[in-house]
Amino acid sequence: MARFGSFLILTFVFSITTASADVPLQDFCVADLKGPVLVNGYTCKHPSSVNANDFYFGGLHMMGNTSNPNGSKVTSVYVTQLPGLNTLGISLARVDFAPRGINPPHTHPRASEIMTVLEGTLEVGFITSNPENRHITRVLCKGDVFVFPVNLVHYQRNIGNTNAITISALSSQNPGVMPVANVIFGAKPEIPSDILAKTFQTTKENISNLQKKF
């Protein structure tokens, strides 16, 4: 009976510890972006050197330059742009789309994303994991909200004839982004073309031409 009681106590303590593991131990931990120590994230600036600018980012109202092959521009507000986000597990991004512009298929390896359409009409979608590979897609209009689960490949496309704007919130201060085409065809050093040719069931020449674009 005594052993069982001790087990219950240990279980209770462990559950409390686990439940409180993500609770902040201080008011904030502003990222020291130039700090010499490498950790899983950024170390904290000394609180006495923190000021209001560490918690501020200006300019999200400004349209991004969409004059590029994708016809879109992402303006990120991650920890590297707003150091006060460090350890808070949140960030933002604005995406501008030219007519018919796309935010090409990509993943965020460390975050889920919830997106709101501010202007325009978008086709959005994500792909579930293998082997189902289900394509879940929907057309969104101004005021609509859509969620992209963590680390799933997703995309957006402006299907309207005017510019479109979205704002996304992400569940990490440093969500990361992995554009599928860039990762595969733009790897440094390159993935051998024969591997990609077999993967995509095409020729090495076609793969080499794609790699030159990235």
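Here the Cβ of each residue, glycine as well, is placed from N, Cα and C on the backbone.
TrEMBL labels come from automatic prediction, so no person has curated them.
Now, the feature entries from TrEMBL:
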- N103, H108, E113: oxalate binding site (BINDING)
- H106, H108, E113, H154: Mn(2+) binding site (BINDING)
- C29-C44: disulfide bond (DISULFID)
- 58-208: domain 'Cupin type-1' (DOMAIN)
- 1-21: signal peptide (SIGNAL)
Among all chains shown, work out which of the disulfide-bonded residues C29, C44 has the most CB atoms within 10 A of its CB.
C29
Can you check how the pLDDT averages out over the domain 'Cupin type-1' (58-208)?
97
Distance, C44 (disulfide bond) to H154 (Mn(2+) binding site) (CA atoms, angstrom):
33
Neighbouring C-beta atoms (10 Å sphere around the C-beta of N103 (oxalate binding site)):
26
For the oxalate site (N103, H108, E113), what does the 8 A shell look like? I mean other same-chain residues with CB within 8 A of the CB centroid.
A93, H106, T107, A111, M115, F148, H154, S168, L170, P175, V177
As a test of the contact definition, list every same-chain residue at least 6 positions from H106 (Mn(2+) binding site) whose Cβ is closer than 8 Å to its Cβ.
V153, H154, Y155, V177, M178, P179, V180
Excluding H106, H108, E113, H154, which residues of the same chain place their Cβ within 8 Å of the centroid of the Cβ atoms of the recorded Mn(2+) site?
T107, A111, F126, F148, L152, V153, P175, V177
Could you list the residues of the same chain, at least six apart in sequence, whose Cβ is under 8 A from the Cβ of H108 (oxalate binding site)?
F148, V150, N151, L170, S172, P175, G176, V177, M178
C-beta crowding around H154 (Mn(2+) binding site), within 10 angstroms:
22
